[in-house]
Amino acid sequence: MRRARKREHIENYLMTSFKGDNLLGDVYLEHNALPNLSFDDIDTRTLFLGKTIDYPILINAMTGGADFSQEINRDLATLAKEFNIPMAVGSQTIALEEEDSRESFKIVKEIIGDDGIVISNLNGQASVDDARNAIELIDSDALQIHLNPAQELAMEEGDRNFVGVSDNIKSILDNIDKPIIIKEVGFGISKDVAKTLYDIGVRNIDVAGYGGTNFMEIENLRNPAIDLTELYSWGIPTAVALINLRQLPNDLNIISSGGIRSGMDVAKSIVLGANISGISGELLSYLVHGGYTNAKAYLEDIIYKMRMIMLLLGKRDIEELKKTNYKVTGKLKDLI
Ligand code: FNR
């Protein structure tokens, strides 16, 4: 069941057609005609979870366990290694239950090695032992815990009871000595939820907002018995979540994801207060449709555009980019 679902998530993601808007287009950045920088001066390196990475880009959680997951994870991990950027694996619940699925996760660490960053992934109901085992299996640097009530409700076989998840997260925080990242899966994290998480000790949140991968549609394609189209536009757009979460204390490490597709999206995310941007669906599309070379060219394009934008803002490095002034327009202005 779990294995089939993993395959269907990838296949159905590639079939989705609904286009959401993360509202990063409503962020206005002012052009600097006198940048006083050379293109070669632009430094995109940054510190993430205690290690230096070359670009503020995370290959975000997608897969592991299905028959073709190993190939996908091999390619994604090779990209992560080549660009020196972190990678999160997909949910490891299947690896805890089915021994023969483990290699598709382990391969990620084997390729990335100890110098890079590998992140584990489990759901909000995972036990402390599950967390320990998931981290140990791939010797990961951190653990992502995904919150996905909307996705679960859209699944016929999904959870219906979400009681006790924050208590559970607290016990994982109290008992696991690796960084814990709380993320959504594309419906976003509100300021209130982030505050609740912050108050129990969470210091890393990936907003995983609305505007990219749409699990309401992905699950609806798996379960056509119910028509969920009225909920395809459910969720907090990534730009809204970023601006709202940045009002929380500065020691909250914010990751921007949800519809991040371009260098402009990455640059704007950082201006709005993220330390790094996660990409899932768009990278998967390039990989599945065009292979490794195409996925690599896509990441190179993101990086090149990011460097262009940094120069045109007169920002030499990521710390300077974070201090860029911005204006909001349109729907984003209405929602914040
Ligand atoms: C995902 N995502 C995901 N998230 C997670 O925490 N655990 C998981 O196992 C998965 N599985 C998964 C499969 C597929 C095929 C996709 C496309 C996505 C969600 C992902 O990490 C991310 O939060 C959302 O996809 C939003 O980002 P994008 O895709 O809009 O860049």
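Cβ atoms are placed via backbone N, Cα and C, with glycine included.
Curation does not apply to TrEMBL; its annotations are automatic.
Note that this is a predicted model, so its numbers are computed, not measured.
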>> Please identify which of S17, S91 is recorded by TrEMBL as part of the FMN site containing A61, M62, T63, N121, K183, T213, G259, I260, R261, S280, G281.
In response: S91
> Out of these binding-site residues, R5, K6, which one has the fewest other C-beta atoms within 10 Å of its own C-beta?
Replying inline: R5
> How many Å lie between the Cα of K6 (substrate binding site) and the Cα of T63 (FMN binding site)?
Replying inline: 7
>> What does the structure give for the C-alpha distance between E152 (Mg(2+) binding site) and T213 (FMN binding site)? Integer Å is fine.
In response: 15
>> Less than 6 Å between Cβ and the nearest atom of ligand 1 is the rule; apply it to the binding-site residues R5, N121, T213, S280.
In response: N121, T213, S280
> In angstrom units, rounded to an integer, how far apart are the Cα atoms of A61 (FMN binding site) and Q151 (substrate binding site)?
Replying inline: 15
